[in-house]
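Contents: one structure, followed by commentary.
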Amino acid sequence: MEYMVEQEKKLVKAESAKLFFLMSSAVTDVSQLVVAVYLLSPYSIANCIGMSTTVFSNLLIAFSVACTVYGWWVPTAISLALETYKSFYPVMLLVPALLYFTQVNAAKNPACRRYNTAVLLATLSLFTSVLVCLLCASYYLCGSWSFISSTYGFIWSVPDLTPNIGLFWYFFTEVFEHFRTFFLWTFQLNAFIYVLPLAICLRKDPILLFLVVLALIAVFKSYPSVGDVALYTSLLPLWKHVFPHMKQYFLIGCIFIASTALAPILWHLWIYANSANANFYFGTTLDGFIWSVPDLTPNIGLFWYFFSSSLEACILTYEAILSHWLHLHCFYCISPNPMAPVDICQQCQCQFLFWHYSGIQHWSDISYHRFAIRSHEEKVLH
């Protein structure tokens, strides 16, 4: 959190974006809040009652996230390798970890790119080495490679269609067998395909990318559990300073709570009372996952928080350039069409239209300002 605060201090802040920035006063109780949310979450309690091994996965993932935040690449690589050995989905967490190490090392040693590259290669090499050693140890204990089909093969091929809170079981009970392989690859790739575009979009915010990837794993893995939901929801307090700016938090929160309450009820009606069918239970879990993706991975408020800073910085930059080159005498003039006010350059008396960009709702038209500046510069030079 301290690193996030330091990074945001370097950004150019406009008045309309100050409410979205992380202040030092907002990080004092974040760690206690994250622990409290995880321990008191009904998903964590249900996970413990069910005696699921997800608690060990959550331990390794939480440890890897903590080590990443502190910049400890060795324990990060080892913990992620241990968790990938158990389930191949956490391999995606390497992406935000490497992005974070890149930013931290670049901030500490801006001129030393070789050190940054060396840390990344060392992290990947250690991760691969630990994973290979674990697989070889399993081969030595089992005497064959058959354990791979019982672990990774089982997760990938989804042979057990016992109803759970995931999306696979219902669909593959209905699909024709000759289409199974195609849709199996489609469903499995669905968990991985979003990592690259999200990494490009959130390359400057790897901690948020951690949350997004964890939520995607919880939604799209073949055999999810409530413990997966408990982990990524417990990280939401990291962005508590932007909670007031979320737009649909009440609606999505109510749907999420309703899905959580209805799931065990409809399960009982279907399995024990025999007064419902699979559609009732699957519909409830599907609604919960559909609404959890836009709300928790992340909501409009979180995206707005991270995009507003860069957009406002661009706007302030072009305001400074325009003020320097054009010397406008009526920058916020009132015209019949306020969206396209007319201004006159005091140097060459040429009139041109430009968008009123005091707010970031018209940031997409900044390219017009670049054209206006370039045209005006050519006139002055000639």
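Cβ coordinates are placed from backbone N, Cα and C, and glycine is handled just like the others.
Under the heading transmembrane segment, TrEMBL lists 20-41, 53-75, 87-106, 118-141, 153-172, 179-200, 206-223, 249-273.
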Closest-packing stretch to the transmembrane segment (153-172), where packing means Cβ pairs under 8 Å, from 118-141, 206-223, 249-273: 206-223
Contact call for the transmembrane segment (179-200) and the transmembrane segment (87-106): at least 3 Cβ pairs under 8 Å, seq gap 6+: yes
Listed stretch, out of 53-75, 118-141, 206-223, that has the most CB pairs under 8 angstroms to the transmembrane segment (87-106): 206-223
